[in-house]
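Chemist: Once you've had a glance at the structure underneath, I'll fire off some questions.
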């Protein structure tokens, strides 16, 4: 496809020069460009195909970047990036040194607020609107938020706060596509569904919008009639109770409705009409039939051929840790009827699809509501159930107070299965599970476990399930080293690591590795060259202090290795144990550095952090002044 119009758009100012009749053609080109780009790099697809017209309309109507535009979550921001000067860089999307898959302030002035976690946009836009008022600047702040993100309490905290300011130029656009990642759940979603299913109300609104598109909504009769229709069909609509002027729902793919409606909203906002709430209805995957039919499959695909679609991949030789967890969850649930599973809107990503199918009455999707998920699990535990919360490491941060106050303080036996622990690759720093060891091990009553392979993951999950205290098992994205997985649900001794390699002193020194989780196997690789001992510590808390003491006694140097923040992490726990025991020993702590690690290929990112086998060996030799191994070349006799 040729991109005759799109190639002329290097900034929204170029977009605003187009005749409105050209926007439909531009939308077709932009949608095709998104599909072409994502098919070549991988990335989020369905959500971006669904926001093409909305993105065009927003930049056409609002004076960005002076008007502030905030994308909630941000995985739907590819059309925005393309229209704001990054079209030619889409080939670098989510790659090392390339553009991010999410809005990033350092990347463009049009990315007014960095996002990636959900439900933050209204708070940020409200802050920007009040900031502009404080500075005496006249502009509109716009938050674009999906219906899935509206299940989080933070969004309603912001709505509640914003409604106080009756003349504030703030606009919230609800992008209602009936999807978060997993289908959204809860009373709010049902409320929106009822809005859409009311035929008389929809017909009445259509008539009102026709009036308002001809004349701005200054006609008192039109305003009264609109309020009357709303009052009859949807009493005291939720968003108006928060102090917003509610408009919609309207078709989010109809530029002839979007543009004039947004123009009226912007005018009213600047005139002091107060916070405005526009409800648009879009379709995930719009314009690409395969994505429309299966928006979950096309939510975040890798590279694929658009003409053929995503082909089923050959069955991998090794299971992912997510699959290991999903299998364990079903097996454990079959063995113990007290088990209940909880996910904050990540059924597919957390490996709970089969569990929901087999145990629907014991499966709880609470929506994008991590705070609620943690305390809800605590309540279930109070009744004698055994809750397992499947959650990405980065998202548990959102429920930290509840973790301390509602679970750990009461010593409730909740299991947290922390997926995506460590680096996550293309999603970058916003999704990396870099901090869970540091923020969990400081909590009293908390047990923290780090499996090094698939079978150990199953064993540690079983061990966690049988504890009478809160516990967390952290495991990385992707597949493990390929360990055979035993069918039995066996436990391991609490607080005990295991030796994986006994060391020697080939070079006149002894090195002992204390490796945690995913770093056990890279440490084993480095240990071969160093003739070092390697302990698979398994537990960060309770730490195997006796094993620490043994390694300290048997080695000249100690090295801790973890795929987590080196500040406050497992290495710090080892140093504390040595200090408590009065042991003075040279220790090198290796882990993720004190910086946010960017997006890119996971193996390359680990290499950049010095956490591959070669990097670990190099760091040990440099830190302790060990000689490089001599390379001998054997002569060949003909």
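Each Cβ is built from the backbone N, Cα and C atoms, and glycine gets one as well.
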Chemist: For the thiamine diphosphate site, Swiss-Prot lists 75, 116, 117, 118, 148, 149, 288, 370; sort out which one of 177, 256, 411 goes with them.
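Modeler: The record-listed residue among the candidates is 177.
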Chemist: Taking the Cα atoms as reference points, how far is residue 147 (Mg(2+) binding site) from residue 117 (thiamine diphosphate binding site) in Å?
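Modeler: Residue 147 (Mg(2+) binding site) to residue 117 (thiamine diphosphate binding site), Cα-Cα distance: 14 Å.
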Chemist: Just report the maximum Cα pair distance in Å for the recorded thiamine diphosphate binders 75, 116, 117, 118, 148, 149, 177, 288, 370, no decimals.
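Modeler: The two farthest binding residues have Cα atoms 32 Å apart.
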Chemist: Considering the binding-site residues 75, 117, which residue's Cβ sits among the greatest number of other Cβ atoms within 10 Å?
Modeler: 75
Chemist: Where's the emptiest Cβ shell within 10 Å among the binding-site residues 147, 370?
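Modeler: Selected from the binding-site residues 147, 370 on minimum Cβ neighbours within 10 Å: 147.
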Chemist: For the binding-site residues listed here (148, 177), tell me which residue's CB has the most neighbouring CB atoms inside 10 Å.
Modeler: 148
Chemist: Name the secondary structure element type, per DSSP in three states, that contains residue 147 (Mg(2+) binding site).
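Modeler: In three-state terms, residue 147 (Mg(2+) binding site) counts as coil.
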Chemist: Does DSSP put residue 177 (thiamine diphosphate binding site) in a helix, in a strand, or in coil?
Modeler: coil
